[in-house]
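This report concerns only the one structure given below.
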Amino acid sequence: MGLPIVAIIGRPNVGKSTLVNRLAGEQTAIVHDEPGVTRDRTYLPAYWSDREFQVVDTGGLVFNDDTEFLPLIRQQALAALHEASAAIFVVNGQTGPNSADEEIAEWLRQQPVPVFLAVNKCESPDQGSIQASEFWELGLGEPYPISAIHGNGTGELLDELIKHLPPVTELEENNEIKIAIIGRPNVGKSSLLNAFAGEERVIVSPISGTTRDAIDTFIERDGQNYRLIDTAGIRKKKSIDYGTEFFSINRAFKAIRRADVVLLVIDALDGVTEQDQKLAGRILDEGKACVVVVNKWDAVEKDSYTIYDYEKNLEARLHFTEWADTIYVSAVTGQRVEKILELVTKANEEHKRRVSTSVINEVLEDAVRWHSPPTSRGGRQGRIYYGTQVSTQPPTIALFVNEAKRFNDNYRRYIERQFRQQLGFKGTPIRLLWRSKKVRDVESGSANRATRV
């Protein structure tokens, strides 16, 4: 992306994520009093003294333990260092150096990037200098006493850091498409992201809940830039403790809001679940473009009716996103994965599309001719005066009528179907705003008002 990268390294629970949030000016990396909360590489933009760069939050390093995720976390930290221009090694000033710090320091001395030693949790400036002095023994140069929570000392650290960052020679205007990858735990979201990125960017494991942060990955295809946001799987509320998992779900919903297009990942073996339906409803509520990705398609036993039956099931159970394209893929084998980005680009274009008022009213005129608006019990018929598009993302059309409450849900759905049949809008929700307007207000409008239906 053109910006230098700074990797944040350290053993568990020394305050790496807190420092990342301090440098980035926001709480995006999950911070919780539990060792090993951050498992993946989380990229955030940072800015200091007219210099822009990215900070990369990595999992807590442990070298003498190979249980559960720890070897994978080491792999992620090494990958972060390989793409970094510098590293900040975070240690705990309150506990002093220990054997784990010494192991990490020895490992960092073998890496080809400059390393800056941040002695965190030095809340008192006077006492902090004494605490930091104990870390000279790690052999990484000057220890910088800091408080990631309060910001003390971070300025001095950053002043020295930016001296070692390479200049940004060219930073192009980036017209990127932001994509949120969401779904229940263990449906293959991280495998899908890695298939896009061409590397093991995110820890992949059959253990549910492996990915906890919303993580941004940048890729480019055919001149188009994409920002991929992988999120923790979304579980039913009753199975969530109000700890780290709660914050991850909140982060996933925020990722939907950030996105231009959402990939709703369905497990082909499990089919559409109640939780998938709720996610589809969330996408609709947020007004986001969507592509439904049925993953693990390679594991499904197939006959000549399989795809037909599956499509019927999706249509029946995912009615919230019936307007979305569906693609059947295997993130493991790579089957049809690249095709997803084509659908994303198309959905994004439809999401931002604007239609002229004259075309909208031609559609309305045809729709009313084929199916007249409903009539009230008193014999008064509903009447659509005109329509005009008032916004995009999602496309939103205001319909001015004689009495909005006269138009029941069935007729409103009929009008939406007519817009879709005539104008497309594949991959994006559309919103219709029904507005009551008196006849005299319509007739006294300016000469430039929309064509009356």
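If you go along the chain as it appears here, the first residue is 1 and each next one adds 1.
A Cβ is built for glycine as well, from the same backbone N, Cα and C atoms used for every other residue.
According to Swiss-Prot:
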- 4-169: domain 'EngA-type G 1' (DOMAIN)
- 10-17, 57-61, 120-123: GTP 1 binding site (BINDING)
- 177-352: domain 'EngA-type G 2' (DOMAIN)
- 183-190, 230-234, 295-298: GTP 2 binding site (BINDING)
- 353-438: domain 'KH-like' (DOMAIN)
Counting other Cβ atoms within 10 Å of each Cβ, which of the binding-site residues ASN13, ASN186 scores lowest?
ASN13
Going by DSSP, is ASN186 (GTP 2 binding site) part of a helix, a strand, or coil?
coil
C-alpha spacing of ASN186 (GTP 2 binding site) relative to LEU61 (GTP 1 binding site), in angstrom:
24
Those binding-site residues from GLY183, ASN186, LYS189, TRP297 that fall inside 10 A of LYS16 (GTP 1 binding site) by CA distance are none
Can you tell me how many other Cβ atoms are located within 10 Å of the Cβ belonging to LEU61 (GTP 1 binding site)?
25
Looking at the binding-site residues listed here (GLY10, ASN13, THR58, CYS122), whose Cα lies nearest to that of ASN186 (GTP 2 binding site)?
THR58
I'd like to confirm something. Which of the binding-site residues, GLY10, ASN13, THR58, CYS122, has a Cα closest to the Cα of LYS189 (GTP 2 binding site)?
THR58
Please classify the secondary structure at ASN13 (GTP 1 binding site) using three-state DSSP.
coil
Of the residues in the domain 'KH-like' (353-438), how many are helix, strand and coil by DSSP?
32 helix, 22 strand, 32 coil
